[in-house]
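Annotated in TrEMBL:
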DOMAIN    B:6-65  domain 'NLE'
REPEAT    B:100-141  repeat 'WD'
REPEAT    B:142-183  repeat 'WD'
REPEAT    B:185-231  repeat 'WD'
REPEAT    B:232-264  repeat 'WD'
REPEAT    B:363-404  repeat 'WD'
REPEAT    B:405-446  repeat 'WD'
REPEAT    B:447-480  repeat 'WD'
């Protein structure tokens, strides 16, 4: 790096060489070959960096060329036809995006027979019995310990009557009984508050299924007549399965996702 | 003898009595009353009638009715008679053909030609397809649109087909070859909502049709000249439906909740006659009491062979007058709206030089917006389809509520009448079609089978077939 202006001073006083322009022109012409030789023969990280820089330059150049090529004259554009055609009377109305062909009862029946279900939560943390039940002491001296009280959310059904208290082994407190669940449709992504019809399966064991205990991962059956679903055979669907996704005893409500 | 007879007065639907009050035996039933009416009217052929006492159909003998409803024998019983169509259409109950892979987009509109020989369907894959009804297979594919085809309409002489798309373009087709005639006509700036042809008795062969669009205009086009004749602008929002009535008035219903009546003068100008402002929400659908006859022109259910142009025009005029009722009785208009009500309009009786329509009745009862209203082919009933999952039936003259048909599980989109006015067909978002019987006021047949919402349905004018299409891209043909 020149640290003075002596080069410029000399050029002003004495001018340049006589073949300066010629040499300059030729040198610049050689730069192209030199650059390409460098790019081809460099190895290692240096070569990669050169290649990357060259590629970026090439892409930019292509873009500018294309831009220049676009003429201002109008041309016939074939735009792709939009999906989701609706008739004229529905065009101005905002409809919620519909889920495509909703599953029919035949598929459901087959799945039921096989006992296999594709569920959103295939594995859940197992709940131990001492977490599920609390021991209730009874008797005059409070020594009998055969009664248990359920500490999780339950569903009992509309026609439920308690067994006589003297013989009741499992107590389901009314504060933990739920009738409705907040069910989300996975495709429509909206949540409905639907009535529970029954408990289908509790993954922790058949005893809990029969008691009606709802923990995370339980399959419940809900009343979906609100959604207005119809099977291809023309029958109205009014019950569908859903899986519980939260811990109802902690939240105070049951959140579930519909199994379609 | 006095115990066994009942004093009755037969009146027609509009209230004019037939003869005077007379004594009729107790056990007089439907057959005897029909004979009586036929003799009084001096009918050459025995026509069939249905009888109504205080708006309920009289199905049993007169005496039994009096006992059941404990009507006093001393009062004169008023029996209203209504002519039923002479022919009977078989109800459709089975799907004869499902054509699934032909249309690549959702089917948005279907329409049978007035002579019942051809079927046209417009779809989201921008084509209009013509179908052969004898073999139930596709006949022609009409390409010419670049956007979804939203509306399709046959001319009343069945010789021309016009379709409108989402771009605002109108295409004219020759249905015998399936070819586009001319180019796609542009004029509307936004999508086209409806098309209506000039009635056959006003001009034969059919030349003019009117289209209405989202841009708020209605345009009158000439089919042979392939250009716009008149632009009827005035609505501030989208025009959802247009109808050309038999006396030459054009009715347009719009989202600005008004209905405008237009007239075409001798010089070829379109002038606004009147604005009907009684609705509080978008006007979704209009229907005229003579609509079915205007659509079918000179063809009726017997599918007669064509004659010369003048004769066809005369036949169309005769049918029109018969459908109107008496010669000077007016056409009624019914409009269904987003404000959950339907209004029945009639031309006012006052002596103004410009006839304006006055609200006869406001038909309330629907709990959601009314999407489609349709007069029955004989003008006696009005059917309305609503998003509250029900179809309601109203009297076509007075507007009184008759019954509600419930059964659909989701919004009801469109309705179609059978040509003899005895059955009603409705298609819905729940993917089923349902056939309702007017006589028994019950569901006659349920037609499931579509896999997704059904957008359009039509009953052919000869009553043989029904076509339906929807979001599952399949066209289904049903028959009895």
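Backbone N, Cα and C define each Cβ position, glycine as well.
What TrEMBL says about a protein is an automatic prediction, not a curated fact.
Helix, strand and coil content of the domain 'NLE' (B:6-65), in residues and according to DSSP, is 15 helix, 23 strand, 22 coil. If you look at the repeat 'WD' (B:100-141), the same-chain residues 6 or more away from its ends with a CB under 8 A from one of its CBs are 147-158, 161, 163, 165, 171, 173, 175, 177-178, 295-297, 299, 303, 455-462, 464-465, 467-475, 477. Mean pLDDT of the predicted structure over the repeat 'WD' (B:447-480): 89.
Mapped onto DSSP helix, strand and coil, the repeat 'WD' (B:185-231) counts 0 helix, 24 strand, 23 coil.
Broken down by DSSP into helix, strand and coil, the repeat 'WD' (B:405-446) contains 0 helix, 24 strand, 18 coil.
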